[in-house]
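What TrEMBL says about this one:
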- 21-51: transmembrane segment (TRANSMEM)
- 37-286: domain 'G-protein coupled receptors family 1 profile' (DOMAIN)
- 63-82: transmembrane segment (TRANSMEM)
- 94-116: transmembrane segment (TRANSMEM)
- 136-160: transmembrane segment (TRANSMEM)
- 196-222: transmembrane segment (TRANSMEM)
- 234-256: transmembrane segment (TRANSMEM)
- 268-288: transmembrane segment (TRANSMEM)
Amino acid sequence: NHTTVVEFVLLGLTNSRHLEIILFLFLVIAYFLILLGNITVISITLVNHFLQTPMYYFLRNFALLEITFTSTFIPSTLYSLLTERKMISLPGCFLQMLLFFYLGTCTFFHVATMSFDRYVAICRPLHYTTIMSNRFCLQLVLACWAVSFLLMFPPTIMIVQLPFCGPNVMNHFYCDTSLLLQLSCTDTGFIEGLMLIILIIIIPGTLIVTAVSYGCIIITILHIPSSTGRKKAFSTCSAHLMVVMIFYSTCIYRYIRPAQRGGQDSDKVLSFFFSVVTQMLNPYIYSLRNNQVKQALKESMLRAFS
């Protein structure tokens, strides 16, 4: 009953119309590559029986997650850049915030799960099929979705119930939790503290799992007798680590740095990197550069055009 704000103004990525046109073209290309890459991963891992393994099961779920995650904000951002309409309704803002942070949380848990899968495959190859059974893989994926929901749902409900009396301007290109809290006309200290605790559990927590897994993988790779085998393994591992480092470093600095309140232009740049750039790279780094996937794509194309 105290809420007087009915919509928010998202200032977007830039105030320059020329830069908006450039960003629009870049985002169109980025979104097309995200959709193309991830749909290809989902399709090829479903139809090719050689790719019916735990690794590709996780990659298929990760690809689906990436499509849904980026679709929560890229289409609306493209519409805003094209029409210069920067308004979003209060319910629309809440829905975008919920989906963005729920799916973003799922992404962290999926990355940790995939790194654990690679650890078992490389460091415990004799026990891989026993440990990574179909049932256990399903349980891991369901746990990622369920735990993410349980972590993000309580603070989201609290934010939705906050009164917003104005101002209603956010210096961002999507509805960000920290900025919403700043715009509320009541004390939000408890919610901010709760969000910080949850983010510390999510981001550094999954980073520890990912770092330990890749650390063990690197140690195992160093013991490979063949220099060619070591080089090939390091090439794959280094590409994965590059994407993981960009993703985690930008998220940590954006959401867990001391006394962060949000609203600076640098925050938008960091958000753009972890929400667009890394998502665009993921299907090509994790899946489409894999020799098995390349071979499956070639076979599918030959059958299609024969």
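Each residue, glycine too, has its Cβ placed from N, Cα and C.
Proximity of the transmembrane segment (94-116) to the transmembrane segment (196-222) is established through 3 or more Cβ-Cβ distances under 8 Å for residue pairs spaced 6 or more apart.
Between the transmembrane segment (268-288) and the transmembrane segment (136-160), the number of CB pairs under 8 angstroms, six or more residues apart, is fewer than three, so the stretches are not in contact. Averaged across the domain 'G-protein coupled receptors family 1 profile' (37-286), pLDDT for the predicted model comes to 88.
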